[in-house]
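In what follows, a structure is listed as structure tokens, so that the remarks can point back to it.
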Amino acid sequence: MSPIDRLILEFDTALRSVVGGANAQRPTPGSEFASNSGVDAAERKHAAGLMRVNHVGEVCAQALYQSQKLVARNSEIQAMLDYSGQEEMDHLAWCENRLQELGSHTSYLNPLWYAGSFAIGLAAGLAGDKWSLGFVAETEKQVESHLESHLKKLPKEDQRSRAIVDQMRIDEIAHGQAAKNAGGVNLPEPIQKIMHAMSKVMTTTAYKI
């Protein structure tokens, strides 16, 4: 693939992340369950808030993976980031479709989330591959944690959303492990705490808007 073709592809990915229209390569988990069977209006609203948070997380993931691929010094690391990024694109599409089924919308602040995450990912990538991969691993660890919390918060009757979140959780564990296996190092605790605090702001805001 030529550099121009690659640039066009990455721009298309960024546009689909921010504006919508992501395409999944894998079937949507939970498709065997009825869309909103047994879920009342209040539960749908709550589930939509949680799935909007998850969608924002995937918007941020796309920005992080794209920016880090740009500055990765190793072709194998670029390939690993590309593979994980495609699975994150599946997550993006699943969450977007589920929000539509729930009669809701993605976050109105997606351009802001994407831009901020791209800048952070670029900075992590410029620090060197081991720190970049460590950042990926820590990010996936924190995402896994909040997905587990969502499985406890989602209505039990919303089997469709729960199936999506559970598969996302499984994938995030694999992505984090792949980053560690590729040479990622543990981040200093202060950085982990800052990441957690920033994540808290994002999840609280995205639940509503």
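Just so it is clear, glycine is given a Cβ too, placed from its N, Cα and C backbone atoms.
Fe cation 2 binds Glu88, Glu172, His175 as Swiss-Prot records it, and from the list Glu43, Glu138, Glu140 the residue named for this site is Glu140.
Among Glu58, Glu148, Glu189, the residue that Swiss-Prot places alongside Glu88, His91, Glu172 at the Fe cation 1 binding site is Glu58. Of the chain residues outside the Fe cation 1 site list Glu58, Glu88, His91, Glu172, Gly57, Ala61, Glu87, Met89, Asp90, Leu92, Val143, Met168, Asp171, His175 have their Cβ within 8 Å of the site's Cβ mean position. Look at His91 (Fe cation 1 binding site): DSSP puts it in a helix. Listed in sequence order, the residues of the same chain lying 6 or more apart from Glu88 (Fe cation 1 binding site) and placing their CB within less than 8 Å of its CB are Glu58, Ala61, Gln62, Tyr65, Asp171, His175. For the recorded Fe cation 2 site, residues Glu88, Glu140, Glu172, His175 set the reference point as the centre of their Cβ atoms, and the other residues of that chain within 8 Å of it by Cβ are Ala61, Ser84, Glu87, Val136, Thr139, Val143, Glu144, Asp171, Ile173, Ala174, Gly176.
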